[in-house]
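Visitor: Have a look at this one.
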Amino acid sequence: MEKLMIAGGYPLKGTVRISGAKNSAVALIPATILADSPVTIEGLPDISDVQILKGLLEEIGGSVDFADNDMTVDPSSMISMPLPNGKVKKLRASYYLMGAMLGRFKKAVIGLPGGCHLGPRPIDQHIKGFEALGASVTNEQGAIYLRADELKGARIYLDVVSVGATINIMLAAVRAKGKTIIENAAKEPEIIDVATLLTNMGAKIKGAGTDVIRIEGVDQLHGCRHTIIPDRIEAGTYLILGAAAGEGILIDNVIPQHLESLIAKLREMGVNIEAGDDQIFVSPAEKMKAVDIKTLVYPGFPTDLQQPFTSLLTGAEGTSMVTDTIYGARFKHIDELRRMNAGIKVEGRSAIINGPIRLQGAKVKASDLRAGAALVIAGLKAEGITEVTGLEHIDRGYSHLVEKLNGLGATIWRENLTKEEMEQMKNA
Ligand code: EPU
């Protein structure tokens, strides 16, 4: 096991290229199950979630070739093997295997998903959708059993706006009989990306990216080539980093429209941002002003950037409030930031940050993926050395993080944990 070592205080500058979107990748890869001939997805990120999904497709008989960020999946020999445990538990997005396998085989057995611990993360809306399409869904000893004689299109109203439920229902409905209408659907760019792949495979989908998605089921889907969208959360993380510890960073391969809420907030703080077609240049404010943010569904401020943004706010003049309306308990990074001298308290769903504070390097632990990003940003702007454990979370979502940061002039490296640290981790 490794930890991340960060020597803080070096100003970062240069260009960083953004990888393919993690939250698209984890849906696009399972979507290939629905085809009857090879599908190629170009530009996938090098992250552990992608490797785990590759392994899962191979477990059910898929032939998968993954090189230079492009993955070709031949799904023709896949069978509906139960996937109750093991790899499934390593990532939340394994729930997309439910929709995809149900759509193709009309049955699936999938273990309850794992992933980041952000408080309760139910999948009741996914199940509501599968049931509306005619599937029986039962939870037996920690695995979800899905069975249907046939899937029939239905009108499904989501009680909660959910990215996962919207995509999962789309995956099952594209091969159902007749018309499905998803109302109160999520509108995130990743949903449009998945709908684009499915459409290239022969599916009939209208309205992806709005809150009503209409799907006309088809009997068969075929192979195709698809290029993934850039990762707006990775791009947002580097934008925040550029504001916190940069001396001018150019973010390349980004869709600026996907980050409007973040860009607006950064500008409100006094950060300089110039957005081009597929690049954004960021340089720090002379004096950063405190701001309040509230996370919302897209196009609101993304919950996935709330934690990195908190690290930035420790350097802003005044009191800021960060409220997470999506995951009210996504604040495990706060105790760690406090170890680094930040003045933050949590009240209910909000964190209140007093700044500006000079952060100090410390030994901290990433409890989840974006908490990890928050601690890396904090470490890069802190005085002295910061050691971040819990690297397995960061590796789930940030492609070549150490290389990209060193390319910007950071001093950051991976080190093996000492025996003593391994013991401490086991007992924690
Ligand atoms: N919810 C329900 N019932 C459901 C589904 C969701 O109550 O059946 C609730 C959740 O508890 C949450 C809200 O609805 O309060 C939104 O959850 P959503 O389903 O949209 O989240 P998700 O699809 O499981 C994706 C991303 C998350 C991101 C959220 C919100 C993937 C694989 N994950 O999760 O990304 O935080 O949308 O935008 O796409 C991350 O990248 O770090 C990450 C956690």
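Every residue, even glycine, has its Cβ placed from backbone N, Cα and C.
Found this in TrEMBL, in case it helps:
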| type | residues | note |
| --- | --- | --- |
| ACT_SITE | CYS116 | active site, proton donor |
| BINDING | LYS22, ASN23 | phosphoenolpyruvate binding site |
| BINDING | ARG92, ARG121, PRO122, ILE123, ASP124, GLN125, ASP304, ILE326 | UDP-N-acetyl-alpha-D-glucosamine binding site |
| DOMAIN | 8-405 | domain 'Enolpyruvate transferase' |
| MOD_RES | CYS116 | 2-(S-cysteinyl)pyruvic acid O-phosphothioketal |
Visitor: Please state how far apart, in Å and to a whole number, the two most distant Cα atoms are among ARG92, ARG121, PRO122, ILE123, ASP124, GLN125, ASP304, ILE326, the recorded UDP-N-acetyl-alpha-D-glucosamine-binding residues.
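Guide: For the residues that bind UDP-N-acetyl-alpha-D-glucosamine, the greatest Cα distance is 21 Å.
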Visitor: Mind giving me a neighbour count for ARG92 (UDP-N-acetyl-alpha-D-glucosamine binding site)? Other Cβ atoms within 10 Å of its Cβ, every protein chain shown.
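Guide: ARG92 (UDP-N-acetyl-alpha-D-glucosamine binding site): 21 neighbouring Cβ atoms within 10 Å.
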Visitor: What is the separation, in Å, between the Cα atoms of ILE123 (UDP-N-acetyl-alpha-D-glucosamine binding site) and ASN23 (phosphoenolpyruvate binding site)?
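Guide: ILE123 (UDP-N-acetyl-alpha-D-glucosamine binding site) and ASN23 (phosphoenolpyruvate binding site) have their Cα atoms 17 Å apart.
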Visitor: What are the sequence-distant neighbours of ILE326 (UDP-N-acetyl-alpha-D-glucosamine binding site), meaning same chain, six or more residues apart, C-beta distance under 8 angstroms?
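Guide: Result: THR295, LEU296, VAL297, THR303.
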Visitor: At the level of the C-alpha atoms, what whole-angstrom distance separates ASP124 (UDP-N-acetyl-alpha-D-glucosamine binding site) and ASN23 (phosphoenolpyruvate binding site)?
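Guide: Cα to Cα, ASP124 (UDP-N-acetyl-alpha-D-glucosamine binding site) and ASN23 (phosphoenolpyruvate binding site) are separated by 20 Å.
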Visitor: By a simple count, how many Cβ atoms lie within 10 Å of the Cβ of ASN23 (phosphoenolpyruvate binding site), its own Cβ left out?
Guide: 25
Visitor: Return only the integer: C-alpha distance in Å from GLN125 (UDP-N-acetyl-alpha-D-glucosamine binding site) to ASN23 (phosphoenolpyruvate binding site).
Guide: 18
Visitor: Counting Cβ neighbours within 10 Å across all chains shown, tell me which of the binding-site residues ASP124, ASP304 comes out on top.
Guide: ASP304
Visitor: Between LYS22, ARG121, which of the binding-site residues has the fewest other CB atoms within 10 angstroms in the structure shown?
Guide: ARG121
